[in-house]
Amino acid sequence: MNFATNHEGQLTIGGIAASQLAHTFQTPLYVYDVGAIRHQIRAFKQVFETAGVAYAVSYASKAFATIAMYEVAKAEAIHVDVVSGGELYTAQAADFPMEKVSFHGNNKSKAELEQALDAGVGTIIVDNFHELDLLDELLKAAVGKQNVLIRVAPGISAHTHAYDQTGQTDSKFGFDLESGQADEAAKRILADDHLNLLGIHAHIGSQIFEVAGFEAVTQKLLAVLDHWHQQFSFTPKVLNVGGGFGIAYTKQDDPLPPEAFVQAIVTTLKTQSHGFNWPLPAVWIEPGRSIVGPAGYSLYTVGSRKDVPGLRPYVAVDGGMGDNIRPALYQAQYTAVVADHPTAQPTEHVHLVGKYCESGDILIDDAPLPATQPGDVVAVFDTGAYGYSMASNYNRNPRPAVVFVEDGQAQLVVTRETYADLIQHDQHYTAPSQPAPTSTATTAAKK
Ligand SMILES: *Cc1c(COP(=O)(O)O)cnc(C)c1O
């Protein structure tokens, strides 16, 4: 793993020693290197700029959605995806430009669609006919047109190392291509006075390591757009190929730089669009994990230890599945170091576990580490995506704080939850007062 150290050999994040951050803000703690976020965003943009292809980089904010993150996305002049009223609300609170928001979801509620229309979101990514019905109803009295993309299930799915040309037709997301549902949706939207069809969208999976799936989906979507052009005289403006670019969590992972996926998409666009008598559409991508994953670190303090003769020791930290559910949810692998000597030779393999009441509360099942003492700060790398955003209050543990670090400056961007926060929505229960036991009628009537 790549990491920075200071002259004392301590792990640093954005120019500050990780153990110093742990000391200042307490643990468990999420820390983001904001420079790394900006760097990745700019690397994506650069590919399009160099290729001279119109584009939008739309950060899939479900990976990490906080006001501060929407502010960084705004400062970098990119788009964002939201998938719920709550994410949209957060983007609104960050004063994110609504015309650069795309709203996704397979079951957007009427209230969420209303919120999106009121907010003026740029693009709604229409997923199904029920949603079209809701939009018709909500837009009845509207002036102007709402921009939409049609999400299709492209019949291509990618799972990390391989992709599958026929899989994923059986998906809860998007209009089916094979059966003609996507064509039907296009026809209906093109005839709609309140909707403006920009183009097409597909998302083939997550943590993908090969470009082949993206080449295949780009080719497939272009073919569908060409078909719509011929069938409906539709001129597509946008080809949205989703996100899912893989990142390295362990030494065994060997991903391409995220930009390489974009390069492959752009090359496919250029080679496959010869002969189309409509102009090249803009390419939209939706990276989530690749933008925030590697920029994020989780800091923990070591507490108890359990040694059993002949078995791998358990080293417990003060967080766990409440702040990172991914190992329990999908056996996700991570890499950890001791923050004050990240380059120390490992002397043992331990189960790095959390403090939650589940045997599955394991952060790293087999972590090679040097000897640790209670009080040592441990850093887990690459936790920036789907860590905080999937955090829970299981066992009534407060969720950790989030700190942004850039150019040697640290700033708290989400405060640590307190016990008072945990009970703020709880209400006391008063049992209904018991009716006086006067007759046997009630029991008799019940049989
Ligand atoms: C989750 C999601 C993404 C982002 O996926 P990553 O693996 O985080 O890059 C992009 N688009 C859609 C529609 C998604 O659901």
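Glycine too: its Cβ is placed from the backbone N, Cα and C atoms.
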TrEMBL substrate site partner of ARG326, TYR330, GLU358, TYR386, selected from ARG151, ARG188, ARG289: ARG289
Per TrEMBL, GLU286, PRO287, GLY288, ARG289, TYR386 bind pyridoxal 5'-phosphate; matching candidate in GLY213, GLY244, GLY322, GLY354: GLY244
Feature region 'Disordered' in TrEMBL, mapped to one of the ranges 408-427, 428-447: 428-447
Using Cα positions only, nearest of the recorded positions to LYS62 (N6-(pyridoxal phosphate)lysine) (ARG289, CYS357, GLU358): ARG289
Close-lying recorded positions around ligand 1 among ARG326, TYR330, CYS357, GLU358, TYR386, where CB distance stays under 6 Å: none
Candidates TYR330, TYR386: member of the binding-site residues with the richest Cβ shell (10 Å): TYR386
Euclidean distance between Cα atoms of ARG326 (substrate binding site) and GLY288 (pyridoxal 5'-phosphate binding site), Å: 15
